[in-house]
Structure formats: C-alpha cells, structure tokens
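S.K.: Just passing along the structure, written as structure tokens.
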Amino acid sequence: MDVKNVCQCIMPDEMSRPLIRGRGEGGGSRHLEASMSEAGAPVIGILGTGDFSRSLARRLVASGYQVVVGSRNPKRSAALFPEEAEVTSQMEAASQADLVFVAVFPEHHSTLVDLKPTLAGKILVDVSNGLRINRDGPSNAEQLADLFPESSVVKGFNTISAWTLQMGPRDGSRQILLCSNNSKAKTSVMQLCRRMGFVPVDMGLLSSSLEIENLPLYLFPSWRIPVLCTLSLFIFFYTYNFLRDVLQPYVTAHKSVFYKMPIETVNVTLPSVALVMLALVYLPGVCAAFLQLWSGTKYNRFPNWLDRWLTRRKQLGLCSFLCAVLHAIYSLCLPMRKSARFKLLSSFKQVKEGEDLWIDEEVWRMELYLSVGIMALGLLSLLAVTSLPSVANTINWREFSFIQCTLGNCALSMATLHTLLFGWDRAFDPAQYRFYLPPTFILVLILPLTVLLGRLALCVPCVARRLRQIRRGWEKSRHIRFTLPDDDCRNGLEDVSNV
C-alpha cells in the first residue's frame, strides 16, 4: 500500500468522546467503532502492548483505521485491546502495516533488529521518552534511525499522555510535535494526527527530536525563578514580622503572643509578598523603556538578566495573585479565631460607661482600606484570567495590552494605596519602630512607589514622544528624522507602557 493511502481520510466528529475500556465492555461502543473502521482502510501497526499502546490503538480504531498490534506474547495481551484491533506477533504486525508506531522503551529498540528487512521502506513513528533530560544527544529517534536506515523515522506523540489519547483531544493538549528527515513520511503522520483530532506541529528535521524528547521531562522551567522569588520574599517578611510582632513583646515585656504565628503573622506577610511581586511584574518594563531612551535605539539587545525577567512576568503576576487571594481568605478567617473573640470581649469589659468609641478618622480609614483592597483584588483577578491562553487567544493585541498594561498599572496603584491606607500615620509613631525596625509596610512600599514614579516619568510628554519615536525606528546615532502621526491617527500599539 502506498504511503499516500494512509492519509486519505476524513476527521470524525466524535474524536472528543471517551473510548472503550476493553474487550467485553460496552457492546454499543464496540459496534460504533467497528462501523467507523471501513473496509480497505489503512493499516496501522503498533509494536508494544503498554498503556500508551492500548490507548493509541483505541484512538486509531475510533478514527477509522485498521490496527494490528505486535506483541511478544499475543495470547496474553489480546484481552487488553479492543476487538477491532488484531493482536499478533511483532513480525506479522510489521509485515501487515505500512505505518508502524514503535511504542517500546528505547533500551529495547535493539530487540527489533530482526524486523529490519520487514520494516524497510516503511514509516516508523518513535513515541519514546528518556528517563532524564538529554542535552548532548543523540536522541532516541536518531538512534532508532541508525538501527533502521532503510525506514523513515518520524518523532512524535511523545508529548501527549495515554490519558489524552483515551479521553480525546478536548480533554488534553491538542498539539502533537513532529519532526523527520523525510518530508513525505512526516506529511503522512501529520494527516493521521488530524484524523485523530489533534493538531500537528512541524518541528523540522529529525535533529529537533532531542528537544521534543526533553519537553515532557522539564518541571515548570519558567516557574522556577518566580516561585523561588516568592518563597524568598515570604521567608524574609515572615521573619521580619515575627521579630517585630512576636519576639519583641516576649523579650521586652515577657508577653507570649506566639499564637499569632499561624494566622496573624502569615496574613501580614502575604500582602507584603503580593505587592512586591506585582511591582516586580512592571519594573522590568520601566527598566527596558529607560534603557531604550538612554541608548537612543530599539535595536540594541537588552541584557540577558532583563530578557529573562521580561519573559517571567506572567509567572510573577500569577504568584502575586495567589498571595493576594490567600490574604483575602486569611482576612475573612480572622474574626473566627478564639483569640479574636476573647480580645473583643475584653475590650468591651474595659470600656467605661458613657465612653464614645466612635472615631471618625479610624472609621474612614478602615472603610477606604477595605474598598481599595477589594478593587485591587478584582483587577488582579482580571489580569490573571486574561493571562490564560484560552482567554488571551480571543482578544487582539491592543485589548490584551490595555488589560495587562493599563489595568495592570491601575491594580498596582490600588494595591499601593491599600497599603498606604493600612499604614496611615503609623510611620510617624515611634512605638511602631520595634527593635528599631521600621513597620513592614514602609519596606513594602519602596518598590511599588519606585515603579509608579518611573511610569509617571515615562508619561511626561517630551519623554513619551521620544520613546514612541525610538519604537518606530528612530535612532539617535544615525540622525534619522521623521514626524510622528497625530494622536488621532495612532493605532495605540506604541504606548509608552507597552514594553
């Protein structure tokens, strides 16, 4: 059968439904899948009988393919596969199929050498992954190509799980990364992916297989620095608050308030981390803008540390949002503590008859403090939602820029104002400087105020105009001169905050 015949198929509409669980279960499902496998349909071979092989066989059968599975022990493995799939020996499966999935561990590839004459001229799809990240090579697919030089090896299907194959592409990632040195073989596998309901992504030659094999082994590579930064800030502010609010009363007055550590101290620490992390989201944009103004061109590369910082802003923002949400939950739980109720009752007992407890200044401060905090959390929630790929793909660049830049700066301003209202006049109270340490909110405000002042400086008309010129190609060293269009004609993409 010609390789092109493998691709002559139409994607079914039922690809998102769960597949059958095995032989003897759900007769209706078996009849449905049998009807989808047409006479004369392309034969797909699978070498291996593991979990991935079983899920792959079920998905291929549901997609209308004839499937033959090669096993070292066909009788034992037959019950694990759908009835529509033929389970036979590896030699028989290799001889029947034109496209073969090699679903065995890479260390067992050498056991397939006896199949080399049978697999000559056929397409081999390597779905294997390594046990650890391989930076030096060669990849598993390249080693398989060396073992079978007369076959066309395609690397793919290793970035999706058996669960995704079994439950359908709507319940998992739809993309399948493919690479091969044979363009016709790669095209055949790409069309097979589309019929299965997935979206193939061409990654080029087989030399890219090392990168594809390493992808499933990375553990949140873009989250490492943001998470470490969040944990470091939490430890710093928690220790700082512990020294001021817990240890200082114990040392100076022998008053034990260690009960504050699980709730109260954590609740004071979380908003500190959230605000600093939010400031770290917008600080690199300010730095990049001033670097462009200083160099007078947009064509100079940013330093490596700034490049990495700019690419981690989404993760930094989500960590900030997490701390803000936890702070809101902890704050709602404060009145539920027994210590809080005890303090409330004690304060009522100490009130003298006829004493007026209403203080306008404190009432207004608390009302404004809570209102601004709620608005800041609402804006942070909007930023977090729009950072999701499924949401970001539904809006254009100008809308995304407006939300992440304009509303992001509003969220930073609200969060900063929330902290200022919390501090109020405490910065001028000597009793707040315990152990000669300033209140926590003073340290927290340094970075956000720096970012906001930098934003204001970039909004000065002469600075903003020069920055727009630079981003439209103006260079100070080459003396290129042009006039910007009128403000009414701007498309909004060259906003000074949009770095």
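Note: Cβ is positioned from N, Cα and C throughout, glycine not excepted.
Taken from TrEMBL, the feature domain 'Pyrroline-5-carboxylate reductase catalytic N-terminal' covers 44-130. According to TrEMBL, the feature transmembrane segment maps to 225-243, 273-295, 316-337, 368-388, 400-421, 441-464. Under the heading domain 'Ferric oxidoreductase', TrEMBL lists 272-407.
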S.K.: Would you say the transmembrane segment (316-337) and the transmembrane segment (441-464) are touching, if the rule is that at least three C-beta pairs must lie under 8 angstroms and be 6 or more residues apart?
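M.R.: Contact between the transmembrane segment (316-337) and the transmembrane segment (441-464): absent, because fewer than 3 Cβ pairs are under 8 Å.
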S.K.: Restricting to the domain 'Ferric oxidoreductase' (272-407), what is the model's mean pLDDT?
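M.R.: Reported value for the domain 'Ferric oxidoreductase' (272-407) is a mean pLDDT of 91.
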S.K.: Considering only the recorded stretches 316-337, 368-388, 400-421, state which has the highest number of Cβ pairs under 8 Å to the transmembrane segment (273-295).
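M.R.: Stretch with maximum Cβ contacts: 316-337.
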S.K.: DSSP says what for the domain 'Ferric oxidoreductase' (272-407): how many helix, strand, coil residues?
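M.R.: Residue counts in helix, strand and coil order: 111 helix, 0 strand, 25 coil.
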